[in-house]
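Read through the structure below, which is laid out as structure tokens, and then see the notes.
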Amino acid sequence: MSTATSTSSKATGFENAVEQPTPVDLVLHGDFPPWLSGVLYRTGPGTYNIPSTGDPSKVTEIHHWFDGVAMHHRFEILPATPERGPRVVYRSHKGAPDLEQRIADAGEYPKALFAFAQRHRAADPCANLFQKFFTTFASLGEVLKAMSGRDGEHDDETTDNVSVTLTPDMPGVFTGEEEKATSGEARKGPKVIVAKTDANVLQLLEPSTLAPLKCITYENIDPRLSGQLSAAHACRDAETGDFYNFVAEVSAKTTYKIFKIRGDDGKVDVLANIAEKEAPPSYIHAITMTDRFVVLCVWQAHIKQFGLSLVLTHNIADAIDKTWHPEKPSIFYVVDRHDGGLVAKYKTDAFYAFHYINAFDDPDTGDVVIDISVYPDTSVIDRLYLDTLRNPGVLENPWMGQARRYRLTDPTKATAPGKSKTPVLYAKTDFTLPQSVAVELPTLAPGKHHHTYRYTYGITRKPTCDGPILSDGIIKFDMRAAAEVASASRDALEGKEDEYAKFWRIPDVTPSEPIFAPRPSGTSEDDGVLLSVALDSSAEKGRGQSALIVVDAKTMQEVARAELPNVYPFGFHGVYTPSGVGPRKNAL
């Protein structure tokens, strides 16, 4: 416990946020595009310090950015009418008030609950010894409950801490709104927003108020989808609405279950079960896919003791083997997304990652091309503890990854005639962009996920320690131009950044993940705007000023902003649903 608070205005995004349950009009500046009409949903942490109910002077502090207690946000963008100008209406809702209350009542983070990196107690030197004798994989069933914020006494709660990604109208999830579709009472826009995390738990949110409705697991959708771990970033087919992800059932031989939830009827197809020594339980934040394949990469974030360390630590960060093993490859598992079955696997040098940028089938060669933001090891996880993030200048190296393109030779040609064993091949690295154009939280224009594409957007940060803590700008990559520069010489990528990268930057401003909103009549891939919530920590802003900023995706120039009444907490991910179009099926 501690009463310490951050003092730098650069760190106010890591302080407790003010909930805004009633809608409020934001103060607008600039020219909002007349076609921009829809809702931006965002999620992430909102509470980091929780006073004790019995003694408010005692404060339970959250240790890691990823463990901040959830807050969901809604920005409704309304275009001008003959009677008034454009409006942006904002509201927010706490995602786990029951958890906050439990922490306050206990005066500490409940020891039974699972977290990403929260440390419940000092390490017990005898713990590993007792673990060897008394812990079995049956205990992981209790970990699953703990992952979802449940411990047997609180199984009826609807407000588990789920705040990483958002999916509008996820198939297989029933809320009752479907029955209203024929009665004329159906809600405009999404019927439900589903919040996801890296555990097998989903939180259903009411789309207008963001109030939590209930929590379920993938196993509630289909009993075959049991397991403890899953990816916060799933994939979705923009045409069919089919939803793809995995669940990992941790045991002496962990099984990764790759599955599809059909967009038309919500039925589940298990496409592949991967259970082998080279695929131990790992912290895997995302999967990716192309038109033909779903791809799971088991990179090196292996959970110790075949997953049993989860039972001891009750958090992922301490359960991960932090000793880096460069000799252990990362492996891409390629699964047929239509007919099912493991087609091939591809090894490459060890790396770590949070996010894919995109993947697609090369129309000329049939190769699978995968773009991903990579790290040399898992040390980035420790750089995101709050005591580090709240102190500018502590980071010796930037925390952001580098964009890398992998190429997997056409998987359909991998299996030799008459051979039934899954072929093992090696992934080729086409290029890696330099640290000077580091990128995280990458996004694309709608319709470009899982297809050939040219542009991607994300947050970036100069490889220096001064300036904002998390990011200092928004970056736009021309991946086609980057590939052309790399084909001439890989060494040419550094020093020629202006040929394939553009930036939006303002001193002392920290932007969040940029979400692409397309112009309805647009014909080019970058015809639209980027929506990002940014914190201005310049001296004249005192404790900081947050605003929804609108950036022209073609020119990377700001065109408008909407100022919030309070500091917006540094969050994770969001989704934009344009008016009259329905949810973006490929936004996850």
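Each Cβ is built from the backbone N, Cα and C atoms, and glycine gets one as well.
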- Query: Among H233, H325, H449, H450, which is the one TrEMBL gives for the Fe cation site where H285, H355, H573 also bind?
  - Reply: H233
- With TrEMBL as the source, which of 83-103, 146-166, 167-187 is set down as region 'Disordered'? 167-187
- Item | Cβ-based isolation winner (fewest other Cβ atoms within 10 Å) among the binding-site residues H285, H355, H573 | H285
- Message: Around the Fe cation site formed by H233, H285, H355, H573, list the extra residues of the same chain whose Cβ is within 8 Å of the site's Cβ centroid.
- Response: V164, T165, A231, A232, A286, F354, Y356, L441, F572
- Hey, does DSSP put H285 (Fe cation binding site) in a helix, a strand, or just coil? coil
- Query: What does DSSP call H573 (Fe cation binding site) in the simple three-state scheme?
  - Reply: strand
- Message: So if I draw a 10 Å sphere around the Cβ of H233 (Fe cation binding site), how many other Cβ atoms end up inside it?
- Response: 19
